[in-house]
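Asks: Supplied in structure tokens, the structure appears directly below.
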């Protein structure tokens, strides 16, 4: 609970829900007859409607990117360090929109929603969704809000992929595209990590083929293991060494397999336990599959430069030196393709010890660079 909401916070915010009755045909060939998207806004839309910024979330993200839902909240939104008055995404200048994507588990239509055809939760029957599907649904939300063009579309990790897809799918609707700690497609290693996480969930006896809600259970063990695998990839070796080293939780070895002996074990189990209590297993499967499928250059014979030729936006690409999940080399692939396509691009490689999670952490150099780019965007 904050003793007082900070002056540079957007303050108390309330989610809003947009309902869509127009069917949305997905890349998998299936159609959502109707659906809803939950979102939050921060700042004010100007008279020209030229100052809107879209925030795209990563795998476990959601619509609550900044501020507090109540004065009793212990923590603000997941990107509060970057969104607010005077911050990198300055809400005194910008009207910021953040939503929970289709297939999510925080209020937008997803596997835990009721399937109108059966009256039961969708569960495993919810269709596989892609980054392109998300961008098309986000475009409909923009239409609903009266936003013809985004001043910027911004995202980190999977969110950065959505920002890139926006610049490709709706080039006339994006003035600036910011892709942070992202990649033009997943490497084989990243797909492998996702598959291990999925198998942890699928092999949990409580998964019940994805219809665990009807059984009144959750695949807690599988979700815990999936999250533990994920967290290993989000942190750098240096960050884990500095934070935990080989420190013991109780100053002694127990010579068994059931005790939590090392501090890093305790950390991973805590993260897995916390995550399994708030996230939906089917959503986790969907998000990782959307990551695996993202490959915009596939439609152009794997020519990323040709893929970006349609873009009209200016680009800012940021990476972090110790990120081995989406390494700086992957960001430079994006930059090289943009340059080959003769696009305006700013590239920032930021020295940060935290690994992939660095895009969520208020590193002064990162925030300064982020703010510097956003400040040059005319509204």
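Note that Cβ sites are derived from N, Cα and C of the backbone, with glycine treated the same way.
Note that the structure is predicted; figures quoted are calculated from it, not measured.
For reference, Swiss-Prot lists these features for the protein:
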DOMAIN    51-360  domain 'AB hydrolase-1'
ACT_SITE  157  active site, nucleophile
BINDING   227, 357  substrate binding site
ACT_SITE  323  active site
SITE      325  site 'Important for acyl-CoA specificity'
ACT_SITE  356  active site
Asks: Where residue 325 (site 'Important for acyl-CoA specificity') and residue 356 (active site) are concerned, what is their Cα separation in Å, rounded?
Replies: 6
Asks: Hey, how far is residue 157 (active site, nucleophile) from residue 356 (active site), Cα to Cα, in Å?
Replies: 8
Asks: Where does the mean pLDDT land for the domain 'AB hydrolase-1' (51-360)?
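Replies: Averaging the confidence scores along the domain 'AB hydrolase-1' (51-360) gives 97.
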Asks: In whole Å, how far does the CA atom of residue 323 (active site) lie from that of residue 357 (substrate binding site)?
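Replies: That comes out at 8 Å between the alpha carbons.
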Asks: May I ask which residues of the same chain, at least 6 positions away in sequence, place their Cβ under 8 angstroms from the Cβ of residue 357 (substrate binding site)?
Replies: 234, 235, 239
Asks: In terms of DSSP three-state secondary structure, what is the assignment for residue 356 (active site)?
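Replies: Once the DSSP labels are grouped into three classes, residue 356 (active site) ends up as helix.
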